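Over in TrEMBL, the protein carries these features:
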TRANSMEM  66-94  transmembrane segment
TRANSMEM  164-182  transmembrane segment
TRANSMEM  257-279  transmembrane segment
TRANSMEM  305-328  transmembrane segment
TRANSMEM  340-360  transmembrane segment
DOMAIN    383-493  domain 'TMC'
TRANSMEM  392-410  transmembrane segment
TRANSMEM  449-474  transmembrane segment
TRANSMEM  494-516  transmembrane segment
Amino acid sequence: RDSQQAETERLSRWEKWRRSTSKSLKKALSEVKGLSSYLVLWRRDIRSIEGKFGTGIQSYFSFLRFLVLLNFIIFILMFSFVILPTIISTFGLFNSTIAYTPPKNIDDICTIYKPSGNKGLVYFYTYLKDLLSGTGFLEVTSLFYGYYSIDAVWISIMRYNLPLAYLLATFAYLALSFLWIIKRSVEGFKHNLVHDADPFQSYCNKVFAGWDFCITDPNAARLKHRSLQYELQMDLQEEKLKQKIAERRMEEKFRIYSLRIFINITVIAILSGCFYSIYRVTVFSQENSNGIGNANSQVNLLVQYLPSMVITLANFIAPQIFAFLIKFEEYTPAFEIRLTLLRCVFVRLANIGVLLFSLWSQISDCGSDKCKPCGYNYKLYPCWESDVGQEMYKLMIFDFIVILAVALFADFPRKLLVTHCSCKLVQWFGHKEFEISDNVLEIIYGQTICFIGTFFSPLLPAIATIKYFIIFYVKKIVLIHTRKPAARPIRASSSNFFFLVVLLIGLLLAFVPLGFSIARIPSSKACGPFRNFNTSWEVIPDTILQFPTGLQQFLFGISSEAFAVPFFVI
């Protein structure tokens, strides 16, 4: 009996210690989680925007914050596995050396590559041109693919396979982006299911359980009050629209559907015009940019930038037209955003596709035996990967310049005119609302460029991170000082989910040109880490052949069609 009592006492002490430890750990984790919430980027700014302009506009800024973090992680990935080893080996740090493999069965004419790096005294105009176009001094830096012409890095006794690391880092950032977007999309999809399941339940949740009783700051309470007010206003607006749709007569339905058919025909005509214009301009630029002499350097610069300028112009004008036309179709606010996004996404993403198609048609133009020694047009594109990287860089820079220019030379002058001028024509324009669909398409377009261009320009994610960081504050200032709250509020949950779906479409479309570049187009023999391989993909089977026989058979088995097709279907 004494031993049983002692055993019971020992177990109870252990149980007490386990429970107290568990409580202490949960409390510590809760405090760490609470402190970490204060470290969230732009936490206070986004809450302030939510209270003043509603959750729909807040969802745009939250989406922008997500892209800043995504691009920063992609940059860290590329920097750690590609850029840093190259820098270490170039400067001989940590007793490192560079290993070069002499080219095999490659014609000497294919290895000639003379970047147009600036030498001697250079005018400021030339530096500015190089900064905008990625040529000159930027072409020979770590910004572009051609800089990484290293086969391996020896750090002490360890051999670092740079071509393999370059390709695997590309696959890693694409897989990371895909999984992260899917994860956030699933969360948004859950919110949509909860809301769509029972609107009355959603209304009751806001009325009886929407308030946060932990709020003690008066400013935070005021922002929360405004946020709930916008949510309720949006619910009432949607119910009002549904009631209006249900009460439509046959004549009114006929008028609305006829108008929608006419507007959709107009939209198709605009899309066709944009695609054809970009195609013609790109062909003209490719055919004439190298035919203009040095005496007309400014004209040559204009011809080189012509595709980027026309693409940027189409991306700016088409969404404005779509946003104007959608008002006459009488859709709900949420569906209005989705339809405008789908229309605009065809313009922006197809523009990139037309540009890349034109470039690859020139790279693979093998008429008159132009490609016979090297497998690609080596005379026009000795390092074609860097040329593609320069085009992506130009699109990124031009997109950023246009966003800043619109804010400085359109939004703020409009605000001043409306405020200080009593002219009826000026007052008719009035204060402009913050167009969520147009602004979301701007950043999704830029992010798609980053997804495609990172393989050809490893530092592009760093540029995108800085770009979106600046755009956040530009858009915030524009929103607060030049925009008015939306007349029809928009739900954040549905907006967040659809933004991520459109971004996922952009990522999936980026897989096509990247896969084609890696697996089909012969890699440049004069630059880059894959110059000793026929294509970039060949580094994978070349590495696998160095593994033991059993592991080789396993890896080749899972990469075969007999395994891959059922796997992707499942």
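The backbone N, Cα and C atoms fix where each Cβ goes, and this holds for glycine too.
Caution: TrEMBL annotation is automatic and unverified by curators.
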Compare 66-94, 257-279, 340-360, 449-474 by their Cβ pairs under 8 Å to the transmembrane segment (164-182) and return the stretch that comes out on top.
66-94
DSSP-assigned states of the domain 'TMC' (383-493) in counts, ordered helix, strand, coil
86 helix, 4 strand, 21 coil
Across the whole of the domain 'TMC' (383-493), what does the mean pLDDT come to? Round it, please.
82
Does the structure show the transmembrane segment (449-474) and the transmembrane segment (66-94) touching, where I'm treating 3 or more Cβ pairs under 8 angstroms (sequence separation 6 or more) as a contact?
yes
